[in-house]
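Per TrEMBL, the features are as follows:
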{"type": "ACT_SITE", "residues": "242", "note": "active site, N6-AMP-lysine intermediate"}
{"type": "BINDING", "residues": "240, 247, 262, 288, 402, 408", "note": "ATP binding site"}
{"type": "DOMAIN", "residues": "314-443", "note": "domain 'ATP-dependent DNA ligase family profile'"}
Ligand code: ATP
């Protein structure tokens, strides 16, 4: 089905094919199929992760096909995709070794169960044990099936566009309204479950279920205080400090607590004091974990030290945190996302009337003019915050959406989140370390290189980056390597200029790596559109200053 729908460019034809296929499946297979079609493996919030990376798949592919790593990499480069490369090699009839695990005929359920087993392998020797299972799985696959197993494991089928197509197919298959399917997807985050509910005609009953992560609402960037007022003439806006911390969604159902990061990963264990603080509540909160001592925020890198520790308790005295809650999405059995922000704020202060251990509500103000915004902005900077967030008081909480209902104002406009696609070895003290990072931003589906920077990272961070880059390596050119796009860095610079030095058509002047953004994934990196916008702003500012 994946191959068939991929072979047509017509959205309508894809939808028709998928809906017919989904309609013909039994309930259990329907859930699995809808998830696979959208590029997901496990149900949202299950906490399962196959933990299979590119390196491991290359090792398995070499074992299964008997091809040398060089041959594999050559085929990979020709296709630009490991799934396609494996299909080609297996398609030529190459199976070097019989499976160690007896091969059963492949069914959707069989493949899914195997993925579940993979997620369950942990601890010592897990790399080898996973390889054995993967060998079993891949040798019982046809070349075409192998291709999609690999793509699913690498998360390469996950795109926003595909999600929309599967939603539409579910609606068509079971006679549901597309907007009801979309809403259910936003609430559950799991198209498998949505498909089953659609078949049962039960989409109307879907609400937020706590302990399962929801997509975050995101903000657009303002160029100036005036712009906010221009967008909302005459309207009072809610203003809050912009914290330089880690976005966190905190779910509490009595004694049970889960904390999810911006990438919807379960980070509960990192913040024991936040867990303690919300125990006993029955709510879902949105907010920021901030390193905070003596009434003032600490820089972001302090917080990162805690994120990297195996045992976060060790650092909880040295780097204490506060969770600043700025929104509430669910309370006492009721979903609040459709209420206006001003109502949610009121409910939040009823829920948390005063500081509760490490939990605090975020202070907020009502502002109307550009002067007030500028004044509050200065105050936020003086107190050590990153800037301001401005929010429309009448807005619903729009799950998973970036828009102008939330706006951010930062001093340093000129930073960019970019993905590292390659690196070069440093000199002198940094010989043997990959300290010069080549980074890229999205242009549609493609990553375009926009610069290279000698990193401003600490020695520890560079060591970590070097190790991680080697794991992600796909091509070695001696002094330079190319890697799978996984690591996101925040790049500061002075100006964006048009240039043909890089393939993106723009170059950054004086780029420096400001921070590793381990809270972000490659899909969160910025786009060429932002660069074009920054170049335009730089030009405009240039003329203003003349
Ligand atoms: P950035 O790189 O600026 O942190 P982002 O891409 O992570 O941005 P955006 O939605 O564009 O996310 O910007 C808002 C971000 O600012 C949020 O994701 C959140 O982590 C952070 N933030 C800090 N304080 C607030 C606040 N009071 N309200 C909302 N978000 C806040």
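Backbone N, Cα and C define each Cβ position, glycine as well.
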Rounded to a whole number, how many Å is the Cα of residue 402 (ATP binding site) away from the Cα of the residue listed as 'active site, N6-AMP-lysine intermediate'?
-> 16
Write down the Cα-Cα distance for residue 408 (ATP binding site) and the residue listed as 'active site, N6-AMP-lysine intermediate', rounded and given in Å.
-> 8
Residues 240, 247, 262, 288, 402, 408 binding ATP per the record - widest CA separation, whole Å | 19
Are there residues of the same chain, six or more positions away from residue 240 (ATP binding site), whose CB falls under 8 angstroms from its CB, and which are they?
-> 326, 362, 363, 364, 365, 388, 389, 391
Fewest C-beta neighbours within 10 angstroms among the binding-site residues 247, 402 belongs to 402
Of all the recorded positions given, 242, 262, 288, 408, which has the fewest Cβ neighbours within 10 Å once its own Cβ is left out?
-> 408
Grouping DSSP H, G, I as helix and E, B as strand, the residues of the domain 'ATP-dependent DNA ligase family profile' (314-443) number 29 helix, 58 strand, 43 coil
